[in-house]
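Structure first, then comments.
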Amino acid sequence: MADVYLDNNATTRVDDEIVEAMLPFFTEQFGNPSSLHSFGNQVGLALKRARQQRAGVLGEHDSEIIFTSCGTESDHAILSALSPARAQDLITTVVEHPAVLSLCDYLASEGYTVHKLPVDKKGRLDLDHYASLLNDDVAVVSVMWANNETGTLFPVEEMARMADEAGIMFHTDAVQAVRKLPIDLKNSSIHMLSLSGHKLHRKGVGVLYLRRGTRFRRCCRGHQERPAGGTENAASIIAMGWAAERALAFMEHENTEVKRLRDKLEAGILAVVPHAFVTGDPDNRLPNTANIAFEYIEGEAILLLLNKVGIAASSGSACTSGSLEPSHVMRAMDIPYTAAHGTVRFSLSRYTTEEEIDRVIREVPPIVAQLRNVSPYWSGNGPVEHPGKAFAPVYG
């Protein structure tokens, strides 16, 4: 029986057509696109088309597209908004991807002031609180478009408009949003936007959208890839162009069929498994993402048993990296620790089938029951009221 892959918010399988599009640029068309000879010209024209393909998905001009090595490098473009001669404050959220949070923590250690917007129990932001922080001391706002754990969507268009009106640069990490949601930047107030190929059924390349007129300070010197330094990774960039077109072609499928399968997965599990619930904003989230909290057990244990039966998912907990704390996203949402430890993220793609979802719905309930039978929080058919000190809460 084939394995079931439901960890597409971590990375995606490479589209077969995209592999075919890449191959010639490893063998026949291998020139440096900056060269004047025909080998370089061939690749240069292909890169121009890839830039246009990528721009077409986002609705912006191809001159505003910069290719990078990954989404994290694109996220670090927020450094370009900072200067000792200008404002020193940053605004982000407590639930950002580590690519942004770790950078903000580093900047805080260097003397910058970082304001982290809190979220409510559904992972939503308070725009009134956000508005109160917009002032002349703020240099840049960086807010993800969609949360990678819960799929909760943030109102980045409105937040960008508010920042722009205050004269503040706005960046969004759209890595999780781009293949699943229509994005049109033509009339947007967003100054910078980050993407990653490996969430688009492509590997090894990132994209930075930089609105024309936005100041940008290079982190890596060189001239080849516009404001970013370094010779272009031609095969990966060209594949990214194809990935962009394929994402646009499958957009409706993501928002109808993938969402239907996601909803079926959630309903099927919750109908059978008691003391479980979906985290995040139920009305405003990605169509492919289901983050389910299974109370009174450990998410990592669920993942290990799922893996034994050929199902790949991921946990909201950081335990696999040596920490016993739930993820920063679950803690920020104030999910009870008996539930936050048991979160599992199922993230679907256009390759997910009905049969796979049916299989997951069959396999999850007995795994949860097996783990609860050995949990100090569980006895018989329900939770223990006073489990003692077997597991102490790791946060308030």
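Glycine is no exception: its Cβ is also placed from the backbone N, Cα and C atoms.
Swiss-Prot annotations:
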BINDING   Gly71, Thr72, Asn148, Gln176, Ser196, Gly197, His198, Thr231  pyridoxal 5'-phosphate binding site
MOD_RES   Lys199  N6-(pyridoxal phosphate)lysine
ACT_SITE  Cys319  active site, cysteine persulfide intermediate
BINDING   Cys319  [2Fe-2S] cluster binding site
Ser196 (pyridoxal 5'-phosphate binding site): tally of other CB atoms within 10 A of its CB: 28
Largest separation between Cα atoms (Å) of residues that the record links to pyridoxal 5'-phosphate, namely Gly71, Thr72, Asn148, Gln176, Ser196, Gly197, His198, Thr231: 31
Cα distance (Å, whole number) from Lys199 (N6-(pyridoxal phosphate)lysine) to Asn148 (pyridoxal 5'-phosphate binding site): 11
Lowest local Cβ density among Gly71, Gly197, which the record lists as binding-site residues, within 10 Å: Gly71
Residue pair the residue listed as 'N6-(pyridoxal phosphate)lysine', Gln176 (pyridoxal 5'-phosphate binding site) - Cα distance, angstrom, rounded: 7
Cβ neighbours within the same chain of Gln176 (pyridoxal 5'-phosphate binding site) - under 8 Å, at least six residues apart: Asn9, Met144, Trp145, Ala146, Asn147, Asn148, Gly151, Lys199, Leu286, Thr289
Winner by Cβ contact number (other Cβ atoms within 10 Å) across the binding-site residues Asn148, Thr231: Asn148
Secondary-structure category, per DSSP, in which Asn148 (pyridoxal 5'-phosphate binding site) falls: coil
Cβ packing number for Thr72 (pyridoxal 5'-phosphate binding site), 10 Å threshold: 19
Listed recorded positions (His198, Lys199), ranked by Cβ neighbours within 10 Å, top entry: Lys199
